[in-house]
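Colleague: Input: one structure, supplied below.
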Amino acid sequence: MPVITLPDGSQRHYDHPVSPMDVALDIGPGLAKATIAGRVNGELVDACDLIENDATLAIITAKDEEGLEIIRHSCAHLLGHAIKQLWPHTKMAIGPVVDNGFYYDVDLDRTLTQEDVEALEKRMHELAEKNYDVIKKKVSWHDARETFVKRGETYKVAILDENIAHDDKPGLYHHEEYVDMCRGPHVPNMRFCHHFKLMKTAGAYWRGDSNNKMLQRIYGTAWADKKALNAYLQRLEEAAKRDHRKIGKQLDLYHMQEEAPGMVFWHNDGWTIFRELEVFVRSKLKEYQYQEVKGPFMMDRVLWEKTGHWDNYKDAMFTTSSENREYCIKPMNCPGHVQIFNQGLKSYRDLPLRMAEFGSCHRNEPSGALHGLMRVRGFTQDDAHIFCTEEQIRDEVNACIRMVYDMYSTFGFEKIVVKLSTRPDKRIGSDEMWDRAEADLAVALEENNIPFEYQLGEGAFYGPKIEFTLYDCLDRAWQCGTVQLDFSLPSRLSASYVGEDNERKVPVMIHRAILGSMERFIGILTEEFAGFFPTWLAPVQVVVMNITDSQSEYVNELTQKLQNAGIRVKADLRNEKIGFKIREHTLRRVPYMLVCGDKEVEAGKVAVRTRRGKDLGSLDVNDVIEKLQQEIRSRSLQQLEE
């Protein structure tokens, strides 16, 4: 009979099989009431599942991350329960958990309107408030199939036929008259599922295949309590205000259009930000001793076959042909960098060789996945590849890590989560090589005092990698930086160097990206700063304005002086009220507005005002220029007098 070991090391002995709920009841009624599921020997199970042998057990409640995921998954079933009551002929497809919520794909003979979604949410609340028990039954494959055939659930039948073995016992979850199929676990009672909201609907092909029927996908969010739900909805509201697509239009940064899906039309001000970002990255490339190169954006398909990209990536590659040869527009820069490395004999004395490129890449992303600057088809990578010996890996990774944090800190990103992905089952190279490589990455992180978590088995077949995920002011995660070891590509493309022993050796290649896609990073920055870019990045840093025509000459002189000092400046001499001009440029998020009236002309000064509405008073022109230059040069996130 089972001995149950709890997380604190204490044990409970039973003379019969017990469920996590039984153990929770044994500990106390308060814990039992809070119990959502259990983790038995590291595996999540339903609160009602029986434990027959000795096991470790952790009780899962709404305070646990897994508990929240289970609540969300059960809310997807609740959605199914409600939609079948409102529209009984609906066919249910799949309803998984996603970030912050859930969705359900449904086959419905009507297009859901906003009023329909509101009615659906209302019915979900009515059902949840009944606090009914969710009943789990493990049944044979044949019984499960018969259940869903009788109910006309063709998609569930297809899942059974195509994805579930005949000797398996699927779990059927009964929500009163509604039945759904799932691995689980799910909440034992609907009292855990009171805090949710349906968010939107979208189209989705069955199994993600455009040859299949288009279904309707209903998205929802769910949380453990009302406070968390409201906080999330508030964050969404703030995120909507910061949406880079909206701000990009307001500030005239860029646009997209149907004739070039996923391709960016940069306007002058947006391109100014792009170029300033390039200047910043180039300064870091120089500091960390990289050489900058430029490869062709299109190469023969034969090369992509050698690299393995054609076999594994061809659906995402744009192709063209000329003179009976097929070419691929590059989706990444690494093969081109190996070609540059291969020009001329390389010695161990030439290593490490650090090669960087602002590489223009194209990937044939599905049109439905495109999203402003965040998901595009044409993008520029701040890409680099380091060719080195195995002995140099640790030092090079160390330098990459320092560079990542150096660059992120410039933008004020302080919360960075780091993950180290280790060897997968299918891989090249010896265990000894992987041992050394993984240890080198781990030690490099430790030497920089960076906490990290392992992602076991998540590395590429050709080497382990470090991923850097930064969190913005709304606590949203953006995976941008990567340091990836590659023991395969140099060999595939015949890269070599002459070692100290005069023998030919294959270099190790380190793929290194920090910002990732420049376009996406500008989208992230736009939302992080809500368009209030730090002065060094702002397209227009200063606007000089007159109050009446009599100050026009002074404004022009001052504008020229600022321009000569390397400051991006515009003069606004329009015959408009000064309040109107200030408001307009404030809405344009121009960092500084310099106002010139008769008093300023007479004193050779200028009245300085920030876009946040702070009046810095009347200041000496040369002092203002000097302070602005210092702010821009230091890439400060703070404005004058902040």
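Positions of Cβ are set from backbone N, Cα and C atoms, glycine also.
Just so it is clear, the model here is predicted, and its values are computed rather than measured.
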Colleague: If Swiss-Prot gives C334, H511 as binding Zn(2+), which of H255, H267, H385, H585 does it give for that site as well?
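Modeller: So the Zn(2+) site in Swiss-Prot includes C334, H511 plus, from the candidates H255, H267, H385, H585, H385.
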Colleague: Among H385, H511, all listed as binding-site residues, which has the most CB atoms within 10 Å of its CB?
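Modeller: That would be H385, with the most Cβ atoms nearby.
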Colleague: Could you tell me how many residues in the domain 'TGS' (1-61) are helical, how many are strand and how many are coil under DSSP?
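Modeller: Across the domain 'TGS' (1-61), DSSP assigns the residues as follows: 14 helix, 22 strand, 25 coil.
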Colleague: List the residues in the vicinity of the Zn(2+) site, defined as same-chain residues other than C334, H385, H511 with C-beta within 8 angstroms of the site's C-beta centre.
Modeller: M332, N333, H337, D383, A384, Q484, D486, L489, M509, I510, R512
Colleague: Other than its own, how many Cβ atoms are within 10 Å of the Cβ belonging to C334 (Zn(2+) binding site)?
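Modeller: Around C334 (Zn(2+) binding site), other Cβ atoms within 10 Å: 24.
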